Every structure is written in C-alpha cells, then in structure tokens.
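Participant: The structure follows.
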Amino acid sequence: MKKFKCVVCGYIYTGEDAPEKCPVCGAGKDKFVEVKDEGEGWADEHKIGIAKGVDKEVLEGLRANFTGECTEVGMYLAMARQADREGYPEVAEAYKRIAFEEAEHASKFAELLGEVVVADTKTNLQMRVDAEKGACEGKKELATLAKKLNYDAIHDTVHEMCKDEARHGSAFRGLLNRYFK
C-alpha cells in the first residue's frame with residue numbers, strides 16, 4: 001500500500017493510487033502527491049542562530065534590539081508595580097501584558113542570534129543552572145556590600161533576588177536531572 005497526501009489540506013490517503021477526490025477538502029486527484037519518506041520532517045520550522053554570519057550592521061542591530069526588548073520587560077514590570085501602588089490596576093495589567101509581548105520579542109531576537117540559546121534543551125538547562133548560580137553569587141556579593149554600607153532597602157531587595165536566583169537554579173537543575181541524567 002502507498003500513502004498519498006493532499007497538498008491542499010494535508011489529508012493522508014492509503015491505497016494503491018490517489019483517490020479521485022479528497023474527502024476532506026474536495027481537491028482533485030492531481031492535488032495528491034505520494035508520500036515517500038515517513039520521517040517527521042516539517043515543511044518549515046523555526047531555527048536557532050540563523051543570523052550567524054550576517055552583515056555586521058544587521059548583527060549589531062539584532063543584538064541592540066535584544067537588549068532593548070529585555071530592558072523594556074523590566075522597565076514595564078516596574079511601571080506596573082508603580083501603577084498598582086498608585087491605585088491604577090488596569091494600567092498595571094496593561095504594562096504586564098505589554099511586558100510579556102516585549103519578552104516574546106526578546107525571545108525571537110535570542111533565537112535569531114543563537115548566542116544565549118542553543119538548539120538543545122539539555123544544554124540550555126545546564127547553561128541556566130550555571131548562570132543562575134553565578135547570578136545568585138553576584139547578587140549575594142552586592143547585597144552584602146549594600147548591608148555593609150547601611151543601604152538596608154537595597155540589601156533586602158537584592159538579597160531576596162539572590163534567593164530567587166537560587167530557586168530558579170534549583171528548578172532548572174531538577175528538570176535537568178529528571179529529563180537528562
């Protein structure tokens with residue numbers, strides 16, 4: 001038995017010859033092609049790092065946009081917190097929604113660049129475990145310095161973020177161990 005695919009709607013038919021008419025979309029026999037490879041290939045998909053080797057100005061623009069989008073995420077979330085403090089919850093929610101959209105933009109620039117993400121989940125998890133450990137240590141040092149200089153509010157905020165980084169790293173390590181070790 002052979003398999004035939006309707007190129008209009010994707011319907012797969014199994015038989016000796018393509019059907020006269022697609023039972024799903026009604027396309028004629030001429031719209032069927034024989035399926036030769038049964039692999040899981042897709043017609044197209046997103047690829048990480050497609051900007052490698054592009055024009056220097058384009059590459060710099062992609063990097064600048066990635067940084068800008070990341071900055072906007074933090075800025076908009078901070079603005080959302082301020083709007084909440086002032087009693088404007090709808091404004092806060094708009095900032096949060098837009099921050100998420102900016103995060104999506106940043107993720108697309110990250111994928112194009114392929115510098116902070118690779119096409120391998122195990123490697124990405126390990127990179128994040130290592131990065132969160134470094135971020136935790138860096139924030140702990142900053143919090144300790146702020147405490148030493150009697151900047152209590154800065155110490156408290158940064159120290160709490162230090163603990164968040166440890167939690168993030170532990171979550172990533174748990175996933176790494178569960179799926180890859």
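We number each residue from 1, going along the chain as drawn.
Cβ from N, Cα, C; glycine included.
Taken from Swiss-Prot, the feature Fe cation 1 binding site covers C6, C9, C22, C25. Annotated Fe cation 2 binding site per Swiss-Prot: E69, E102, E165, in sequence order. Per Swiss-Prot, Fe cation 3 binding site is recorded for E102, E132, E165, H168. Under the heading domain 'Rubredoxin-like', Swiss-Prot lists 1-35, citing sequence analysis as support. Here Swiss-Prot flags 52-181 as domain 'Ferritin-like diiron'.
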Participant: Could you list the residues of the same chain, at least six apart in sequence, whose Cβ is under 8 A from the Cβ of C25 (Fe cation 1 binding site)?
Facilitator: C6, V8, C9, Y11
Participant: Tell me the Cα distance separating E102 (Fe cation 2 binding site) from H168 (Fe cation 3 binding site), rounded to the nearest angstrom.
Facilitator: 21
Participant: Cβ distance under 8 Å to C22 (Fe cation 1 binding site), same chain, sequence separation 6 or more: which residues?
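Facilitator: For C22 (Fe cation 1 binding site), the qualifying residues are C6, V8, C9, Y11, Y13, G28, K31, F32.
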Participant: How far is it from E69 (Fe cation 2 binding site) to E132 (Fe cation 3 binding site), counting Cα to Cα, in Å?
Facilitator: 21
Participant: Averaged over the domain 'Ferritin-like diiron' (52-181), what pLDDT does the prediction give?
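Facilitator: So the average pLDDT across the domain 'Ferritin-like diiron' (52-181) works out to 98.
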Participant: How many whole Å apart are the CA atoms of E102 (Fe cation 2 binding site) and E132 (Fe cation 3 binding site)?
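Facilitator: Approximately 22 Å lies between the Cα of E102 (Fe cation 2 binding site) and that of E132 (Fe cation 3 binding site).
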Participant: Counting across all protein chains present, how many other Cβ atoms fall within 10 Å of the Cβ of E102 (Fe cation 2 binding site)?
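Facilitator: Taking all protein chains shown, E102 (Fe cation 2 binding site) has 20 Cβ neighbours within 10 Å.
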Participant: On the DSSP side of things, how many residues of the domain 'Rubredoxin-like' (1-35) fall into helix, strand and coil, could you say?
Facilitator: 3 helix, 14 strand, 18 coil
Participant: How many helix, strand and coil residues does the domain 'Ferritin-like diiron' (52-181) contain under DSSP?
Facilitator: 112 helix, 0 strand, 18 coil
Participant: If I take the alpha carbons of E165 (Fe cation 2 binding site) and E132 (Fe cation 3 binding site), what is the distance between them in whole Å?
Facilitator: 5
